[in-house]
Structures are given as C-alpha cells and as structure tokens.
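Chemist: Dropping the structure in here first, questions after.
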C-alpha cells in the first residue's frame with residue numbers, strides 16, 4: 001500500500017480524533033496569522049475597484065476539524081479588511097479544500113456551518129479537492145492563493161534505508177536519531193528535496209500571475225536534523241515499539257523496516273529547494289518557535305501523546321496493527337511522564353514559514 005493511502009489524520013470526533021487533538025496546529029496558525037494576512041492582502045492592488053471578482057484559494061493537506069476552518073476565517077477576514085481599506089466591492093471567495101482521498105471530508109464539511117454562521121454577509125464557497133499535492137491538482141492559472149499548514153513536510157514515500165544486502169540501517173528507530181548512520185540522514189534529506197521540489201513545480205502552473213503561496217512546515221532551528229526538539233517524540237515512540245517487540249506483540253522485522261514518511265527541514269534547506277526549483281520569488285521566510293513545556297498545556301503527558309497520536313496513528317496502525325495502538329500510546333505516555341519528572345522532554349515546536357510569489361513568464365513542460 002502506498003503512503004498516499006495511509007497518510008491522513010484520525011477520523012471522526014472521538015477521543016483520539018484530530019478534531020479533538022489539533023490544539024498545537026491551531027497555535028501555529030495563530031502565531032503565523034500576520035504572514036498569511038499580508039500574503040492575502042498583497043493580491044489586491046491599490047485601486048478603488050476590486051482587481052478580482054472571484055478569489056480562488058487552495059488549502060493543501062487541509063485535514064479536518066478546526067484547522068481548515070480557522071485558515072478559511074483568516075483569509076475571509078483579510079479580504080474583508082483590505083476591501084474596506086480600498087473601498088472596493090468584495091469578491092466572491094472559492095475555497096478548494098485539498099487532501100488525500102483517505103481524509104475525513106464528511107467531518108470537514110459538517111464543520112463548515114461554523115464558518116457559514118460567522119460570515120453570513122460574505123459570498124464564499126467551498127469544495128473538496130482530493131488528490132496528492134506531489135502532483136497536479138488544479139487547472140492552469142486558476143489559483144490566486146495556495147495555503148498549507150503542517151502538510152508539505154509529509155513525504156510521498158518513506159526513504160529506502162537499507163544496506164546493499166537489504167538489511168535495515170536504522171534498526172530500532174522510526175526516524176533519524178543521534179545514533180543513525182549518515183546514510184539515513186542523507187536519504188531523508190534527498191527524499192524531502194525531491195518531494196518539496198515537486199510541490200513547487202506542480203503549483204507554479206496552477207497559480208494565476210502574481211499569485212501567492214504560503215507554506216508552513218514543521219521544521220527545525222539547527223543544522224542538525226537529529227536535534228532533540230525534532231526527534232524526541234519519535235525516539236520515544238521507537239522505545240515504546242521496542243517494548244512491544246520485547247512483549248511479543250510486534251514482530252521485530254516490522255519495526256526494523258519502518259521509517260516515518262515525514263521530514264523536518266531547516267529554513268536553509270527549504271530556501272535552497274525554492275531557489276533551485278526556480279518558479280517562485282521568496283517574499284518572506286522565517287523560523288517560528290512555540291514553547292510547549294513548562295506550564296503550557298502541552299506539558300501534560302496525556303495531552304502531548306494524544307496530540308501526536310491524532311496524526312501518526314493511521315501510519316503506525318497500518319504497519320503494526322490497529323490492535324496494539326492503545327498499548328503503544330499508553331506505553332509512550334508512561335515513558336513521557338517519567339521523562340517529565342527528570343526534565344528530559346523536548347520543550348519547543350519549530351515552524352518554517354515562507355511566502356512565495358509566482359514568477360512571471362514561466363514556461364512549463
């Protein structure tokens with residue numbers, strides 16, 4: 001089964017659903033709101049007539065629950081504010097909510113009533129756009145704004161990390177760690193560069209002239225891809241999985257062959273791919289830090305693990321079996337609680353934010 005068939009957030013609105021556990025992503029959206037507002041408002045020129053009758057907005061990897069609803073609200077309010085400033089007529093707004101086919105679009109669409117009630121006097125529309133952002137999604141020159149929060153760091157496939165003899169090089173781990181050989185780090189970076197370049201290349205023909213793209217990725221601050229704030233929870237999950245192996249609940253070979261299809265880039269790595277791909281000019285680029293330790297709600301081990309479970313469980317359950325998920329995350333919470341007592345836990349969440357403008361006179365093949 002391909003990654004595109006198993007990467008989605010936990011469905012529904014139950015205890016472990018993404019709807020109930022996406023608090024961290026909402027904090028990221030709030031922190032990066034000014035950048036999104038500026039990108040939206042840059043679509044309007046300083047005239048007294050609206051340059052656009054319809055604004056087409058794509059949300060890549062929108063997921064479900066409060067995250068896409070909050071992003072939609074920010075876009076609507078930014079356009080309302082700019083049109084009020086210019087004294088121009090409000091355009092209609094068409095949202096294209098994109099995610100893989102496994103996404104719970106039913107729950108997503110049920111939540112739209114919140115936005116409908118909030119913006120009764122704004123003419124806006126929403127439609128689903130299932131598909132992979134690693135390929136084409138929309139017609140040429142059709143999108144004015146492409147937005148993505150915490151999606152494009154997902155890889156199209158897990159990097160192949162084996163020796164020439166076919167043996168796992170990252171045994172006992174599910175991501176890079178301090179003990180991983182250089183080949184593991186190189187494989188992850190290479191896969192990210194290939195996939196992120198595809199995201200840019202396929203969006204370029206889809207954006208209208210002077211269109212903007214705002215991408216928010218879960219990243220890292222340092223040049224070291226195994227820094228603690230990035231790898232901590234994945235190392236913790238690997239430890240919990242190893243415990244289940246020792247209990248005979250998981251086959252050791254399954255753990256040895258598993259690597260998460262996810263990469264946390266640095267700002268420099270993101271900018272390097274953008275420059276090399278060549279379709280966009282970078283208008284803004286920054287690293288945003290959120291403190292998640294101390295007295296923050298995320299210092300509660302149970303909440304922290306639920307926050308991780310809501311987006312990682314589908315991939316993990318496909319590899320190891322749905323029947324062990326409760327035991328896995330219970331063990332992870334137990335390890336995390338002990339680390340909290342000893343002050344070992346990671347305390348920061350890092351985001352990379354870029355605002356890109358489509359270059360003119362592009363030629364596509």
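Quick reminder: no glycine exception, Cβ is built from N, Cα and C everywhere.
This is the feature table in Swiss-Prot:
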BINDING   18, 62, 67, 99, 100, 132, 133  S-adenosyl-L-homocysteine binding site
BINDING   25, 150, 153, 154, 311  theobromine binding site
SITE      147  site 'Involved in substrate discrimination'
BINDING   170, 258, 259  Mg(2+) binding site
SITE      218  site 'Involved in substrate discrimination'
SITE      262  site 'Involved in substrate discrimination'
SITE      322  site 'Involved in substrate discrimination'
Chemist: Within 8 Å of the Cβ centre of 25, 150, 153, 154, 311, which other residues of the chain have their Cβ, at the recorded theobromine site?
Modeler: 61, 63, 149, 151, 218, 262
Chemist: Radius 10 Å, atoms counted are CB only; among the recorded positions 99, 322, which position scores highest?
Modeler: 99
Chemist: Which are the residues of the chain, 170, 258, 259 excluded, whose CB is within 8 A of where the CB atoms of the Mg(2+) site average out, their centroid?
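Modeler: Here the non-site neighbours turn out to be 158, 161, 168, 173, 174, 175, 256, 257, 260.
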Chemist: What subset of the binding-site residues 62, 153, 154 lies within 10 angstroms of residue 262 (site 'Involved in substrate discrimination') at the C-alpha level?
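Modeler: Close binding-site residues: 153, 154.
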Chemist: Cα of residue 170 (Mg(2+) binding site) to Cα of residue 311 (theobromine binding site): how many Å, rounded?
Modeler: 22
Chemist: Hey, what's the Cβ neighbour count for residue 262 (site 'Involved in substrate discrimination') at 10 Å?
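Modeler: Excluding its own Cβ, residue 262 (site 'Involved in substrate discrimination') sees 20 Cβ atoms within 10 Å.
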Chemist: Just checking: which of 67, 100, 133 have a Cα that is within 10 Å of the Cα of residue 153 (theobromine binding site), counting only these binding-site residues?
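Modeler: Close binding-site residues: none.
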Chemist: If I take the Cα of residue 25 (theobromine binding site) as reference, which of the binding-site residues 62, 99, 132, 259 has the closest Cα?
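Modeler: The smallest Cα gap between residue 25 (theobromine binding site) and any of the binding-site residues is with 62.
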Chemist: State the count of C-beta atoms found within 10 angstroms of the C-beta of residue 62 (S-adenosyl-L-homocysteine binding site), not counting that atom itself.
Modeler: 28
Chemist: Same chain only, sequence gap of 6 or more: which residues have a CB within under 8 Å of the CB of residue 259 (Mg(2+) binding site)?
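Modeler: Non-local contacts for residue 259 (Mg(2+) binding site): 158, 159, 161, 170, 173, 174, 175.
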Chemist: Name the secondary structure element type, per DSSP in three states, that contains residue 147 (site 'Involved in substrate discrimination').
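Modeler: In three-state terms, residue 147 (site 'Involved in substrate discrimination') counts as strand.
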